[in-house]
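Chemist: The following block contains the structure, expressed as structure tokens.
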């Protein structure tokens with residue numbers, strides 16, 4: 001376009017020069033006439049060139065390319081650089097908060113752990129930022145510059161206030177170290193959190209939750225990235241790592257905000273609690289010192305008395321009191337110094353007995369000192385033969401104070417024990433009441449048992465006494481009565497046993513067909529004699545009831561509810577393309593593209609097929625172009641005959657569930673319809689040949705290339721090869737990948753699958769706010785090995801391969817742009833024994849970016865006879881059509897005023913004259929789009945010539961269907 005504007009300016013200048021009158025005398029205007037002629041000739045050439053360029057730009061370029069908007073590659077470069085710059089700002093904010101936290105934590109005791117861990121965390125952030133910058137500079141070299149392999153490291157957690165240059169080692173700057181660096185980042189985060197929790201005075205659940213979640217996601221990403229060792233210089237893996245910056249940045253933002261709140265609230269709270277504990281220890285030391293002075297003073301009155309036992313006991317207790325009081329004072333000062341020390345070890349690194357001695361010994365020693373002094377004082381009154389009243393009062397008060405001191409000390413100890421045991425759910429008073437109630441209950445139960453035992457013993461004694469008084473002839477009388485009963489005739493009431501069993505069998509005949517073991521009266525009688533038979537009878541009765549319910553449902557014709565297939569509904573990010581379609585060759589625009597653009601502009605809806613009563617889930621034209629098959633959530637599938645006016649060819653009714661997909665065979669004679677747990681095989685005339693029931697949910701069905709009897713069924717993480725009779729011929733396991741769809745190469749040797757990972761290789765799962773990893777996998781069906789595994793960040797919807805192979809179209813969920821990948825066969829370096837061994841490798845070629853924001857629906861598809869187009873539909877009803885090999889938008893259909901949102905789109909591959917596509921909508925309507933037919937046999941001209949939009953001298957070879965253009969033949973670039 002710049003060249004066009006320049007040419008127009010030259011043309012204006014030429015016209016002005018040629019048309020201006022010569023006001024200078026001859027020989028004075030120019031000194032050289034040849035120079036004048038050269039300038040005029042040059043201006044004329046530029047004028048003609050401008051006219052030709054204007055005609056080309058006005059007639060060939062689509063509306064999206066007429067303005068001076070940045071190209072697709074430029075947009076992706078800008079978006080990628082903005083994403084990295086955002087991550088850099090987030091890391092800088094976190095580094096700033098870590099510095100502020102380190103400065104604030106210096107005033108706290110035992111801050112060396114948190115200072116060192118924050119420094120290591122900052123150092124890890126610097127290394128990761130360097131790796132992410134190198135990765136982004138490789139993807140977006142025009143927007144992001146590389147950083148020199150050295151970084152300043154400020155030792156702010158030590159006493160050295162200096163900055164030194166530390167060279168990054170080769171292992172830190174190697175892209176292959178990404179998994180190790182991310183795993184190390186997770187360890188540094190956990191270490192920082194553990195050091196933060198070493199301050200029991202304040203605990204922030206927000207900080208703990210955010211850091212634990214970040215740790216879980218970091219370990220998940222590190223484990224997933226371990227699978228791509230040796231591929232971190234591939235563009236696909238580099239783009240995936242770059243896409244991770246958005247989720248890593250979100251975690252960093254949350255931690256930054258929570259850490260800022262911790263600095264504002266937590267650090268002052270911890271400082272106040274530590275100051276309060278220090279003041280308590282200082283007061284305890286003061287009291288212990290004062291009490292040691294009192295004890296030393298009283299010893300002056302008793303140390304000379306060593307004659308009797310009482311005198312010796314007094315000195316022993318008072319000397320012990322003096323020792324304990326001095327120990328309490330000294331340990332209080334020791335604990336105060338230890339708590340205020342910056343370089344003390346964290347609590348989990350100190351032996352338990354050291355912690356107990358420092359924290360508990362001052363108070364324990366002071367209590368023991370007081371107790372010994374009180375006992376010694378009591379004995380001192382008797383040793384000095386004080387009066388009775390004085391001795392008695394001293395003894396009573398000493399006993400009361402000692403008992404109270406012991407009870408209160410036991411209460412304190414018990415409170416801590418109950419809190420630790422029950423995690424603060426009940427208090428000590430509740431525990432005491434429960435213990436008392438338990439004791440009372442046991443006592444009452446024991447008393448009741450004893451009373452009942454006595455009553456039973458008395459009753460047995462009374463009965464035995466009565467039996468002793470009975471005459472000895474009583475047993476003989478009982479024997480005679482028994483013989484008399486045996487001679488009596490028996491009477492049978494009701495029908496005979498045979499008739500009863502017959503009626504029993506007749507009444508249970510309806511249930512006997514659904515139960516395994518029919519029962520009879522005789523069998524029930526024998527079962528009642530055993531204690532376990534009633535349970536078995538109840539179980540059989542329940543089985544019979546269930547069988548009757550199932551039989552009634554089958555008679556009523558109630559369909560089985562389909563199993564829900566899990567979906568992933570997350571926001572998606574902008575994809576990236578390594579290609580640079582920033583320049584367009586005008587010669588390449590001419591040819592088939594020049595024919596397609598005006599032809600696609602004539603696409604218009606020509607017919608609405610209102611057959612379905614619910615959402616149209618999927619539709620597909622047959623390869624021969626004769627039929628269009630649709631599937632809907634109204635449990636029906638319709639085959640339309642493709643004619644000038646579409647007509648219904650057959651209606652396929654399904655009673656077993658919703659229809660998720662239709663798939664034509666290569667010849668167009670067989671049709672597969674996919675149900676939630678089954679597959680139906682139909683002929684083109686609507687005859688159901690086979691219904692194949694599957695034990696697992698079926699997510700996709702794909703025909704084998706050039707095969708009319710075999711197809712693939714995607715079930716979970718396995719792909720089963722079935723024939724049209726339902727027999728399983730082979731099975732391919734994709735490990736821990738939940739497959740959404742698969743594609744088969746034209747040679748039938750490789751399977752390409754897309755889907756999310758069920759779990760990381762180490763078994764970990766991401767947090768609820770983090771997406772699971774998705775990937776594209778290439779499986780060699782002969783060797784049953786994975787030849788390539790490429791990660792993708794966004795939620796994958798579908799995968800499609802072109803007819804001739806090599807081009808793979810990936811569709812994503814919602815607003816993520818479709819991508820075209822190229823599958824290449826390269827030499828397998830791992831198989832050194834076979835120099836001819838080949839392996840597959842995927843390379844991203846294009847990302848198809850629409851002109852407006854689109855919420856895509858359904859999979860994207862190839863279009864055209866040779867799959868030279870790519871088309872996708874938006875939920876609002878807009879349709880985008882790109883050229884496959886250049887990612888140039890050829891046509892954009894604006895949203896239409898249909899009855900409902902679009903759900904899917906399909907292209908008729910059998911012919912490009914006319915171009916035909918079909919779209920399905922939410923209200924069940926199928927819209928047919930078609931271009932007008934034209935006759936090209938009259939003069940061999942193109943469609944553009946017939947439309948009066950292109951001259952006859954503007955036919956060139958096509959880069960798609962014809963030979964490639966000669967380098968340098970392009971006369972203009974955008």
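Easy rule for this one: first residue shown is 1, then count along the chain.
Glycine is no exception: its Cβ is also placed from the backbone N, Cα and C atoms.
According to TrEMBL, the protein carries these features:
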- 487-513: region 'Disordered' (REGION)
- 954-974: region 'Disordered' (REGION)
- 609-650: repeat 'WD' (REPEAT)
- 281-303: transmembrane segment (TRANSMEM)
- 315-336: transmembrane segment (TRANSMEM)
- 363-382: transmembrane segment (TRANSMEM)
- 388-413: transmembrane segment (TRANSMEM)
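A description of the local structural setting of each listed feature is requested, covering burial, neighbours and distances.
Modeler: Each residue in the repeat 'WD' (609-650) gets a DSSP state, and the totals come to 0 helix, 24 strand, 18 coil.
Within the chain, the transmembrane segment (281-303) has long-range Cβ neighbours (under 8 A, six or more residues past its boundaries) at 311, 314-315, 318-319, 321-322, 325-326, 328-329, 332-333, 335-336, 339, 362-363, 365-366, 369-370, 373, 376-377, 380, 383.
Within its own chain, the transmembrane segment (315-336) has Cβ neighbours under 8 Å at 278, 281-282, 284-285, 288-289, 291-292, 295-296, 298-299, 302-303, 305-306, 357-359, 361-363, 365-366, 368-370, 372-373, 375-376, 379, counting only residues six or more beyond its boundaries.
Residues of the same chain lying 6 or more positions beyond the ends of the transmembrane segment (388-413) and with a Cβ under 8 Å from any Cβ of it are 367, 370-371, 374-375, 377-378, 381-382, 428.
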